[in-house]
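Here is the structure we will look at.
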Amino acid sequence: MLGSNTFKNMQRRHTTLREKGRRQAIRGPAYMFNEKGTSLTPEEERFLDSAEYGNIPVVRKMLEESKTLNFNCVDYMGQNALQLAVGNEHLEVTELLLKKENLARVGDALLLAISKGYVRIVEAILSHPAFAQGQRLTLSPLEQELRDDDFYAYDEDGTRFSHDITPIILAAHCQEYEIVHILLLKGARIERPHDYFCKCNECTEKQRKDSFSHSRSRMNAYKGLASAAYLSLSSEDPVLTALELSNELARLANIETEFKNDYRKLSMQCKDFVVGVLDLCRDTEEVEAILNGDVNLQVWSDHHRPSLSRIKLAIKYEVKKFVAHPNCQQQLLTMWYENLSGLRQQSIAVKFLAVFGVSIGLPFLAIAYWIAPCSKLGQTLRSPFMKFVAHAVSFTIFLGLLVVNASDRFEGVKTLPNETFTDYPKQIFRVKTTQFSWTEMLIMKWVLGMIWSECKEIWEEGPREYVLHLWNLLDFGMLSIFVASFTARFMAFLKASEAQLYVDQYVQDVTLHNVSLPPEVAYFTYARDKWWPSDPQIISEGLYAIAVVLSFSRIAYILPANESFGPLQISLGRTVKDIFKFMVIFIMVFVAFMIGMFNLYSYYRGAKYNPAFTTVEESFKTLFWSIFGLSEVISVVLKYDHKFIENIGYVLYGVYNVTMVVVLLNMLIAMINNSYQEIEEDADVEWKFARAKLWLSYFDEGRTLPAPFNLVPSPKSFYYLIMRIKMCLIELCQSKAKRCENDLEMGMLNSKFRKTRYQAGMRNSENLTANSTFSKPTRYQKIMKRLIKRYVLKAQVDRENDEVNEGELKEIKQDISSLRYELLEEKSQATGELADLIQQLSEKFGKNLNKDHLRVNQGKDI
């Protein structure tokens, strides 16, 4: 019984498999396209074949003569005749089909022609009545589908491209300059997507309905906006548009991390476009137009120096190839040696002598500039190179003062920590130690001068721009620590002076050895070993040491000026960034083992051979110095026979050393090596970009004199102050007059005079608007038009010089096929005409022969 059931089950399974195989065989490999609705008549099949292969005579004849032909019929793939003709670049067939009314899927044919770059077919389709209003060019296929029809549909399943792809977006994606120009003239535009965090109803609804489609639509729009074809032809200022768009795309790369690579690629595409336009400049005028923007709207300084707004923007957005481009660097170098044109071609020795001369005569040069800032010498000192040299010399002197201030302790201090030393018997010891020396007084003057310079920079740039530069933060920290150090030192001096005043008033003895003083006074007579840990002088000395370290580290700021040291400084900065990234993992591992080891050994304080791990502080010190091999294994050994605790300590300590030293430190070394290799591979661009940032900080007007010479205001400063006060008073008077006029106009609101005046004002504003609309292009616009024209021509030439690909070979094949059908048609027409002529001749000759035969017969009869 069991065997019979098993046999029946196996037989049923084989029957099922045979039926399934039979169904698959019936469906065949093209089952997906064998739908009932796609059956065609022989006439329709011939019509579609003729449209596909460019048989113009057959298509024309069938469209003109056939009464039953459905010219919107589709093949097995769902394509109609128009789509087949466009896909195979048959212009004449397309023009014949476009003459028919109610032609379907014209929009998809347009998208197909754009994707293949068929310019003439695009022009023919755009002349179709469906595009008369131009509204269809601004709507996406999805919006068209929601409104009325399948205008952009590939088949009944939808469009062949994404639902958000408009013709102008597709043309921009394909870098079709001519098609983009045609669509722009038709009024098509690419709408910039809303901000990523936009909460409007439209964005909220799209995000809720399909977040993926919403993100893809944003990506497609940005691809169109970032294309060189659209940037070149749609914007009045393509350079500014490309720079701002590159920054926006770089910001989106950090926000939409799932599309990070795509956004970074688009951002780099915008940067390459700007570099390409700059590369096409042929003279200084064009380079200045690129670097400064619209020169007619540019605010020039009193000394006729441009603001270099585009370079500042490129540096802010880190468009390094643009800033490091030879055209840009040559212009910056010319401005760098402004008023010193002869020095640029001199040797290094001559330049060194010039720097040495400035170092020696800096005080005298400062006095000369105070007296005559507009003289030839003043103009020379205002040149960026001389400003850089003056500031570098001033800072070098400041560092020298720091060294001199510590020179008296190079061989060790004379007074030990447990000793005191005074100038006279009744002098308080702390009065002598807290007094400021002459070098410290000079250092304070330099610090005040640098603080004033930083305040002016904050005033000119604004706090937001100021904090974006790391060197500004370093300067701010260094100066703040110096101020805190000197403040603490001054507070200690005040307290010591108060103690000295008490001694001078109330102590009558000659010395202070046997005098009983109040505790608050006696404290200032103690040696250093008895000072409180929170003593202001101790805090001052600690802060001063930190400030000195930061001061010497600031030398790296001027290193990019040198070609040899510049790349090293850049590599050092990148290394610091890698260390900060590494610190996240390092701190996580370090804290984990520190807390674990502390919990393990905190109960054994006094029961170990050293105090390691018995407190949090000792745990930190032991683990930190263990990284550098300065901790001993005995740190985990106990005096008691608690082997379990010791074994766990050995294991944890060993795992820590393996993790930190073998794994993490080697990973940090690999990261640093990788960063250095990246800098070395593009060292020239990185160095020139860093040098341009350094140069640009000296191009702005003002801050000519370095610290501490900038503390004394020059006559020019008083003149600028008076002019600024004058402008403020004028603006105040004008605002009051305008307010009074507005009050008067409000009183005459219902009068006839008010109405007449309002109408006259409206007419004047309309005239001004019309004049501004039809005004002549500015010099900057002419230059940009010239450059963009070169860029477009170069792009087209580069595209034509590419190798012939498979698509172009297919186009040639289709053209030959169309030509063959045309020749066959002409041959058939010629053959028909020849047959008609032969028939006519035969008929004519037949009539003549009959007449001759009759004459002969009549003659015989006669």
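Note that the numbers count up from 1, one per residue, in the order the chain is shown.
A Cβ is built for glycine as well, from the same backbone N, Cα and C atoms used for every other residue.
What Swiss-Prot records for 10-21 is compositional bias 'Basic residues'. Residues or ranges marked as N-linked glycosylation site by Swiss-Prot: ASN514. What Swiss-Prot lists as phosphothreonine is THR15. Residues annotated as region 'Disordered' in Swiss-Prot: 1-21. The repeat 'ANK 1' annotation in Swiss-Prot covers 42-71. Under the heading repeat 'ANK 2', Swiss-Prot lists 77-106. Annotation source Swiss-Prot lists topological domain 'Cytoplasmic' at 1-351, 405-465, 559-581, 673-862. Positions annotated as topological domain 'Extracellular' by Swiss-Prot, on the basis of sequence analysis: 373-383, 487-537, 603-651. Per Swiss-Prot, the feature transmembrane segment maps to 352-372, 384-404, 466-486, 538-558, 582-602, 652-672.
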With DSSP as the yardstick, break the repeat 'ANK 1' (42-71) down into helix, strand and coil residue counts.
22 helix, 0 strand, 8 coil
Which residues of the same chain, at least 6 past either end of the transmembrane segment (538-558), have a Cβ under 8 Å from a Cβ in it?
388, 392, 395, 398-399, 402, 471, 474-475, 477-478, 481-482, 484-486, 488-489, 492, 531-532, 569, 572-573, 694
Short question: which residues 6 or more past the ends of the transmembrane segment (652-672) have a Cβ under 8 Å from it?
575, 578-579, 581-582, 585-586, 589-590, 593, 596-597, 600, 623, 626-627, 633, 635-636
Are there residues at least 6 beyond the ends of the topological domain 'Extracellular' (373-383) whose Cβ is under 8 Å from a Cβ of it, and what are they?
303, 337-340, 365, 390, 701, 704-705, 714-716
